[in-house]
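*Asks:* So TrEMBL says this about it:
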type     : residues : note
DOMAIN   : 1-110    : domain 'HotDog ACOT-type'
ACT_SITE : Asn8     : active site
DOMAIN   : 166-280  : domain 'HotDog ACOT-type'
ACT_SITE : Asp197   : active site
REGION   : 293-322  : region 'Disordered'
COMPBIAS : 295-305  : compositional bias 'Basic and acidic residues'
Amino acid sequence: IMRPDDANVAGNVHGGTILKMIEEAGAIISTRHCNSQNGERCVAALARVERTDFLSPMCIGEVAHVSAEITYTSKHSVEVQVNVMSENILTGTKKLTNKATLWYVPLSLKNVDKVLEVPPVVYSRQEQEEEGRKRYEAQKLERMETKWRNGDIVQPVLNPEPNTVSYSQSSLIHLVGPSDCTLHGFVHGGVTMKLMDEVAGIVAARHCKTNIVTASVDAINFHDKIRKGCVITISGRMTFTSNKSMEIEVLVDADPVVDNSQKRYRAASAFFTYVSLSQEGKSLPVPQLVPETEDEKKRFEEGKGRYLQMKAKRQGPAEPQA
């Protein structure tokens with residue numbers, strides 16, 4: 001059941017809270033499957049979350065139903081489909097709020113740096129395996145393409161002008177404690193995603209100064225594990241605005257302060273999309289972002305490309321002309 005500490009000031013449940021529930025369901029089903037045969041025991045770690053749309057808001061007092069299903073397995077990874085339904089227990093009304101696809105890899109309990117093989121899943125029809133293999137190859141390629149951005153850093157700017165990237169950019173520094181981690185000493189993917197959503201929400205609120213909600217999350221890539229005792233810096237910056245939406249890039253860097261042998265590294269990255277809402281919950285226009293540097297202008301154009309691509313996908317193929 002959703003409680004006040006799960007929601008924002010308007011009573012809508014935080015996107016990060018829902019992402020955390022989705023990841024927990026995926027971790028449970030993946031770990032069960034990967035330990036379903038005799039062999040070395042393991043725990044499933046989150047590697048990637050595909051684009052996730054927030055189809056309908058969830059509110060305080062509603063009950064969240066989270067269901068997960070394994071849809072494909074490769075030699076070293078598991079694809080999980082998760083659906084989230086919200087239920088108003090006073091009226092009995094149910095609605096679909098989220099659909100997500102997550103990828104997990106099994107890590108040995110004896111050595112969490114060792115990736116184990118995944119037991120194969122039984123498909124009800126041959127086409128399912130072929131469709132799953134195509135999705136696997138596509139996400140593998142996209143994960144590789146994100147690595148070129150891993151050196152990018154969000155730098156603070158003194159006295160920034162309103163509506164600029166520097167004006168709304170935000171960072172959160174967090175010491176990873178035992179409550180953030182699995183029993184095996186590395187951070188739950190859901191914990192990281194919740195912190196990422198929190199930072200992205202601050203950036204969006206600073207930019208438009210209204211109530212904001214998560215509309216969607218582009219693919220979240222987990223580049224490396226975050227271990228207990230690390231200090232993580234979650235940085236967010238505005239990359240693009242349309243008339244009614246804001247795209248925010250979020251970067252997660254981990255600093256192993258208790259381990260001098262390892263340097264600071266990029267642990268995760270993603271793009272979050274937010275919308276601005278009035279007190280009545282209606283969509284509001286978004287102040288237009290003012291990119292200043294060449295890098296900001298380049299990121300703006302890249303964000304515009306992603307926005308137009310997703311808009312075209314939602315609208316579907318054009319009708320043939322008579």
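In case you wondered, yes, glycine gets a Cβ from its N, Cα and C as well.
Just so you know, TrEMBL annotations are computer predictions that nobody has curated.
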*Asks:* Looking only at residues six or more beyond either end of the compositional bias 'Basic and acidic residues' (295-305), which have a C-beta under 8 A from one in the stretch?
*Replies:* 165, 239-240, 247, 249, 271, 289
*Asks:* On a count of neighbouring CB atoms within 10 A, which of the active-site residues Asn8, Asp197 is highest?
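*Replies:* Checking each of Asn8, Asp197, the winner is Asp197.
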*Asks:* Could you please provide the mean pLDDT value for the domain 'HotDog ACOT-type' (166-280)?
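*Replies:* 93, rounded to a whole number.
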*Asks:* Measuring Cα to Cα, how many Å separate Asp197 (active site) from Asn8 (active site)?
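*Replies:* Between the Cα atoms of Asp197 (active site) and Asn8 (active site), the distance comes to 12 Å.
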*Asks:* Which residue counts does DSSP yield for the domain 'HotDog ACOT-type' (166-280) in the helix, strand and coil classes, in that order?
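*Replies:* Its residues divide into 26 helix, 54 strand, 35 coil.
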